[in-house]
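Colleague: Got a structure for you, written out below as structure tokens; questions coming shortly.
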Amino acid sequence: MNGSQTLVVKLGTSVLTGGSLRLNRAHIVELVRQCAQQHAAGHRIVIVTSGAIAAGREHLGYPELPATIASKQLLAAVGQSRLIQLWEQLFSIYGIHVGQMLLTRADLEDRERFLNARDTMTALLDNRIVPVINENDAVATAEIKVGDNDNLSALAAILAGADKLLLLTDQQGLYTADPRNNPQAELIREVHGIDDALRAIAGDSVSGLGTGGMGTKLQAADVACRAGIDVIIAAGSKPGVVADVIEGKPVGTRFHALETPLENRKRWIFGAPPAGEITVDDGAVDAIMARGSSLLPKGIREVKGDFSRGEVIRIRNLTGRDLAHGVSRYNSDAMRMIAGHHSQEISEILGYEYGPVAVHRDDMIVS
């Protein structure tokens, strides 16, 4: 690709630590050098970094990872400042400033806050500042976490209007099987569509330490590709990997972006972490998947989670398979009350109504 590109580089815990209990500074120095080189060439670079808890554990001398959430958040609070200091220190060698963005799921599932985050990202990039993004582990609980930095990086790529998303890992890419216990495993070079067979392969493989395995990388690739962003999974240890991706050289596993990407609002719907989920019956599945219809309350069998009207929810069939993401017309309490009922009963049950559908087709993205 000619001209300036926007590249999001995601570095997981296994890449930043080399599988040890400490940050691998020599490796981080080399990756910063590669990113700075592309920044100097006119490209826009975004970093999505793990490692706050590892940095905190190293600084405080914890011999192993504590089990309690409070202790992990303590380490994240200590480590986050040291982590951003490290990124600033290393990029400053090349005369580059960084800007920290700490996000939680709440920043991304709310449309207005999502747009505010996008404006911040744009301002940083327009001023030639490298955004350094991480989940706000010091305050994030299970209920407000995105969950892993793979999916966070896909959302960051959407926020940045990126051309490419590079997921650096401790493997060469996505294999047909786990190469560490199957010598017949082969590297998958090109992916033009993510199907159930590929999901099954990724679900059985892991990527070093941290919360993100190959399954979460595949989820991230699905979100980003639907937004028109190419995704590359490659080894962080490969020399010149950042330049290779910018220049379009074959490296790792490349997931090709959809030729007709989703429009901006639907990118948010598909990428936003769901605030809850609903299970629907076979009739609703047929209406959504075969006829392209809205979801009516009659087809809802179960409602999980606590969500507000206007938040993104996941829609699943009776076997638990993901069907779609959509914006809920009713909050979770109201959805439970009207589930299984005909649309004309909504007003009588609730005393009000926001229309006959639970999720409108225009506010829905099929998985």
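Cβ atoms are placed via backbone N, Cα and C, with glycine included.
Swiss-Prot feature annotations, pasted as is:
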BINDING   Lys10, Thr169, Asp170, Thr211, Gly212, Gly213, Met214, Gly215, Thr216, Lys217  ATP binding site
BINDING   Ser50, Asp137, Asn149  substrate binding site
DOMAIN    275-353  domain 'PUA'
Colleague: Around Thr216 (ATP binding site), how many other C-beta atoms are within 10 angstroms of its C-beta?
Modeller: 23
Colleague: If one measures from the C-alpha of Asp170 (ATP binding site) to the C-alpha of Ser50 (substrate binding site), what distance in angstrom results, rounded to a whole number?
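Modeller: Between the Cα atoms of Asp170 (ATP binding site) and Ser50 (substrate binding site), the distance comes to 14 Å.
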Colleague: With Cβ-Cβ distance below 8 Å and at least 6 positions apart along the chain, what are the contacts of Lys10 (ATP binding site)? List them in sequence order.
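Modeller: Those within reach of Lys10 (ATP binding site), by Cβ under 8 Å and sequence separation of 6 or more, are Val48, Thr49, Asn149, Asp150, Leu152, Ser153, Ala156, Leu165, Leu166, Leu167, Leu168.
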Colleague: Over the domain 'PUA' (275-353), work out the mean pLDDT and round it to an integer.
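Modeller: Across the residues of the domain 'PUA' (275-353) the model's pLDDT averages 95 on the 0 to 100 scale.
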Colleague: In the structure shown, which of the binding-site residues Asn149, Asp170, Met214 has the fewest Cβ neighbours within 10 Å?
Modeller: Asp170
Colleague: Between Ser50 (substrate binding site) and Thr216 (ATP binding site), find the distance joining the two CA atoms and give it rounded to the nearest Å.
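Modeller: Their Cα atoms are separated by 14 Å.
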Colleague: Residue counts in helix (H, G, I), strand (E, B) and coil for the domain 'PUA' (275-353), per DSSP?
Modeller: 26 helix, 23 strand, 30 coil
Colleague: Around Ser50 (substrate binding site), how many other C-beta atoms are within 10 angstroms of its C-beta?
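Modeller: The Cβ of Ser50 (substrate binding site) has 28 Cβ neighbours within 10 Å.
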